[in-house]
Each structure stands twice: as C-alpha cells, then as structure tokens.
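*Asks:* Relevant sequence annotations retrieved from TrEMBL are reproduced here:
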- 1-45: region 'Disordered' (REGION)
- 20-30: compositional bias 'Polar residues' (COMPBIAS)
- 61-77: transmembrane segment (TRANSMEM)
- 97-116: transmembrane segment (TRANSMEM)
- 153-235: domain 'EamA' (DOMAIN)
- 162-183: transmembrane segment (TRANSMEM)
- 195-212: transmembrane segment (TRANSMEM)
- 221-238: transmembrane segment (TRANSMEM)
- 263-281: transmembrane segment (TRANSMEM)
- 302-323: transmembrane segment (TRANSMEM)
- 343-362: transmembrane segment (TRANSMEM)
- 369-389: transmembrane segment (TRANSMEM)
- 401-420: transmembrane segment (TRANSMEM)
Amino acid sequence: MPSDLRPSLKEHADGKSAQPLLSSKSSPTYDSPPRPTVSRRSTFHERDPAEYAKFATRKRYIYAAFFLVLSLISFAVQTETAVYIQSQLHWNKAYCMLYMTHGSWSLLWPTQLLILRLQKWNQPWSTFWRRHVQLLRQTAQMVQHQTLHLNPRQQSQSPWKYMLKTTAFVTCSLTVAGGSWYIAVNLTTASDLTAIYNCSAFFAYAFSVPLLNEKLRASKVIAVGVAIIGVLIVAYGGESSAKHGGKSGGGAGGPDHEPEANYRTIGNLVIGVGSVLYGFYEVLYKKVACPPEDTSPGRGMIFANAFGSMIGCFTLSVLWIPLPILHYMGWETFQLPHGEQAKMMAISVFANAVFSGSFLILISLTSPVLSSVAALLTIFIVAIIDQLLPPPLNSPLSGAAVAGGLLIICAFLLLSWSTYKEMGEERSRRLSVGQITESDIEQEEDDDI
C-alpha cells in the first residue's frame with residue numbers, strides 16, 4: 001500500500017511529532033512567552049494619576065518658561081524703541097501706531113506655518129497642509145464647545161462662524177483697552193500711567209474668579225498684591241519716572257519724557273478704565289478663544305498663534321476706518337514714519353508681534369493672572385537696560401527700582417509655584433475621576449508638535 005511507504009512518525013527520536021497538533025488539556029503546553037495583548041498606549045492606564053499630572057504640568061511649564069523669556073526680551077525691546085520714537089524722533093501718532101502694531105499680528109500664523117514646514121520638510125505639502133488644517137479645525141471645535149470629547153454632531157459643525165464672532169469681540173475689547181493707554185499717555189504723568197495700568201493684574205484675577213471659575217487662594221491674592229506694591233515703588237520711588245511700555249505698543253516715562261499733566265485726573269480715570277478692560281481682555285481670551293486645559297501644549301501653541309493672526313487680519317481689514325476720520329477731524333494727522341522713524345518703528349512693531357504671540361501662548365498654557373504678573377517683570381528689566389545704555393539715553397538704576405523689582409520677582413515666583421501646584425492637583429483630580437481618558441493622553445503625545 002502507498003501508505004506503507006510513508007515514514008513512521010514514531011521513528012523520530014523526540015517522540016513529540018506523534019502528538020496531535022491540537023493538544024488536549026492534559027497535553028503539555030507550548031513553553032514560549034505569551035503574545036503581548038496590551039498596546040503601548042494602554043500602558044498609560046498603569047500610570048499613577050498624580051505622577052502623570054506632575055509630568056504633564058511640568059511639560060506645560062517648560063514651554064511656558066521659554067515663551068516667558070521670549071516675551072520679556074521682546075517687550076523690553078519694544079518699550080525702549082517706542083519711548084525713543086516718541087521722545088527723541090517725535091513721531092507720536094497714537095492710533096496709527098496701535099493699528100500698525102495690532103496689524104502685524106497677522107504674520108504670526110504664516111511665520112509659525114513656515115517653522116512647522118521646515119520641521120516637516122520631507123512630508124508632502126498636500127499631506128502637511130491637510131493635517132495642519134485638520135488640527136486647526138478640530139482645535140477650533142474644542143474651543144467652541146470647550147471639550148476634548150467631540151460628538152459626531154459637534155465634529156460635523158463648522159467652527160469658523162464662531163471663531164469670526166469671537167475674533168471680532170476679542171479684537172474690539174483689545175483695541176479699546178490699548179487705545180485707552182494712548183489717550184491717557186498725554187493726559188497724566190508717566191508714573192501714574194505705570195502704576196494704574198499695571199493694576200490690570202489685579203483685575204485679571206478678579207475676572208478670573210467668576211468667568212474661569214478660579215478659586216480664591218490666599219497665596220495668589222498675596223502675590224498679586226505684592227506685585228502691585230512693587231510697581232508702585234518703582235513708579236513713585238525714583239527721582240524720574242520709570243520707562244514703561246503698553247502691551248499694544250507705545251512707551252512712556254524716562255527723564256526726557258514727562259508730559260505736562262494738565263488733565264491728570266481725567267487721564268487717571270481713562271487709564272483706570274483701560275486697566276480694567278485689559279484685565280477683562282486677558283480673561284476673555286482665555287475663556288472664549290483657548291482650548292480646554294487638557295489640550296496638548298503643542299496644539300495650544302499652534303492655535304494661539306493662529307488666533308493672533310485672526311486678530312491681526314481683523315485689525316487690518318476693519319480697524320483702518322478710524323484713520324481717515326481722525327485725519328479729517330484734525331485729531332491725528334495721518335503721516336507714515338520715514339527715515340530713522342521707519343527703521344525704529346519696524347523694530348518696535350516686530351518686537352510687539354513677538355511679545356504678543358508669546359503672551360497669547362503664555363495665557364493659553366498657564367493663566368491670565370500669571371501671565372499678567374509676569375509682564376510686570378519688564379519694568380525691572382527695562383530699568384536695568386536703562387542703566388547700561390550710553391548717554392544721553394541711559395538712566396541710573398535707583399534704589400526704588402531695585403526694591404520694587406525684587407518685590408515683583410518674589411511675587412511672580414510665589415504665583416508661579418501656586419499656579420503650578422494648582423494645575424497639577426486639578427489635573428490629577430480629573431485623571432482620578434476619569435475626566436481625562438486614554439484617548440486624551442494619546443492625543444497629548446501624538447498632537448504635540
């Protein structure tokens with residue numbers, strides 16, 4: 001028989017080949033290691049919520065620290081150039097400077113897009129562009145609905161109508177707040193302007209409590225109070241007024257830039273309103289134009305610059321309208337800077353664009369209160385720069401500037417620690433109760449650019 005020609009399976013020395021392929025329960029089991037059934041991302045479930053919260057918060061603070069340094073340097077440059085333009089070059093066109101400064105924000109997103117493209121140079125342009133637009137659209141939907149968990153209905157809705165309305169509202173608030181600074185600069189003293197304007201840090205905290213549901217903490221209240229005391233010492237403690245710049249451009253102060261305060265009371269009221277409005281603008285931006293707190297830092301930074309460009313485009317396309325009106329009424333003759341004015345103005349506008357983009361990112365990653373107090377550090381930085389400038393631009397560093405600057409630094413460090421601790425605790429709580437899921441953590445790692 002042909003079957004007889006087959007070699008006997010029992011002839012193998014080990015004898016195992018005679019065993020059936022599908023062994024019974026009593027048969028010996030295969031001794032190789034089991035195939036892994038848990039994916040790489042599933043291991044996030046094994047993380048301690050408190051440890052992951054510390055890691056995520058630390059990561060956000062590393063990004064925030066970089067943009068804090070960038071914002072301080074650029075704001076100091078803007079302040080010095082703005083004061084020089086107005087006091088030495090005598091180009092003092094308040095609204096035109098405001099328009100050019102805010103309009104320059106339109107370059108934030110194209111610049112960011114170029115940087116991202118250089119990082120992804122090997123990726124086809126169509127793929128890169130599609131993914132970038134998809135990221136912006138999805139983040140805008142998160143901003144609109146204030147959730148990481150978009151349902152199918154929310155995903156199908158276009159967020160751009162909401163973003164256009166939000167851009168118009170936020171830009172108008174910013175323009176009114178920034179315009180009040182330019183109005184008050186020629187009505188009151190530079191010391192009053194510096195002291196009252198920087199109280200916006202207090203109003204940012206005051207608005208954060210009802211609008212952002214931020215808790216009243218003694219450490220934060222003390223930190224904001226100490227920072228404002230430091231500003232008051234710098235503003236009124238020296239022999240000459242300290243230089244200070246507006247967040248919307250422009251500068252004031254210095255030994256050669258002390259206007260006659262014929263309308264000091266009116267100017268103080270105007271800048272008081274501006275201080276309140278600027279604190280409101282910072283909180284408003286955080287509430288209606290920033291993604292939820294648990295969004296990845298990379299995604300938040302990209303969207304912050306994109307929204308800054310939307311503010312710049314709205315300014316360029318709509319807010320030019322007051323320019324001919326002011327010219328016709330004789331309140332501000334329209335005249336572009338030329339020569340050295342134009343060169344210094346270009347530096348000032350560029351510095352403000354860098355500062356504003358960094359400041360928007362800083363608010364998105366941390367909080368309006370911390371960002372507002374951080375901006376106060378520039379008062380001390382500008383005072384140090386004035387000490388190093390050559391005559392006649394230099395100004396000696398006074399004891400009041402040192403004392404006030406140290407108070408501001410201490411307040412900022414206290415507020416940073418309090419905010420860092422609070423962010424970690426809140427994130428740990430949301431992880432423990434399941435408000436942050438595995439998919440959120442996957443997005444945190446995959447979307448971080």
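Placement of Cβ uses the backbone N, Cα and C atoms for every residue, glycine included.
Curation does not apply to TrEMBL; its annotations are automatic.
These numbers come from a predicted model, not from an experiment.
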*Asks:* Counting CB pairs under 8 Å, which listed stretch among 61-77, 97-116, 263-281, 302-323, 369-389 touches the transmembrane segment (343-362) the most?
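*Replies:* Ranked by Cβ pairs under 8 Å, first place goes to 61-77.
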*Asks:* How many of the residues that make up the domain 'EamA' (153-235) does DSSP mark as helix, as strand and as coil?
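*Replies:* DSSP composition of the domain 'EamA' (153-235): 67 helix, 0 strand, 16 coil.
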*Asks:* Does the chain bring the transmembrane segment (302-323) near the transmembrane segment (61-77), so that three or more CB pairs sit under 8 Å (pairs 6 or more apart in sequence)?
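*Replies:* When sequence-distant Cβ pairs are counted, the transmembrane segment (61-77) does not touch the transmembrane segment (302-323), since fewer than 3 lie under 8 Å.
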*Asks:* How about long-range neighbours of the transmembrane segment (61-77): same chain, 6 or more residues beyond its ends, C-beta under 8 Å?
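*Replies:* Same-chain contacts beyond the ends: 245, 247, 297, 301, 347-348, 351-352, 354-355, 358-359, 361-362, 365-366, 374-375, 377-378, 381-382, 385, 420.
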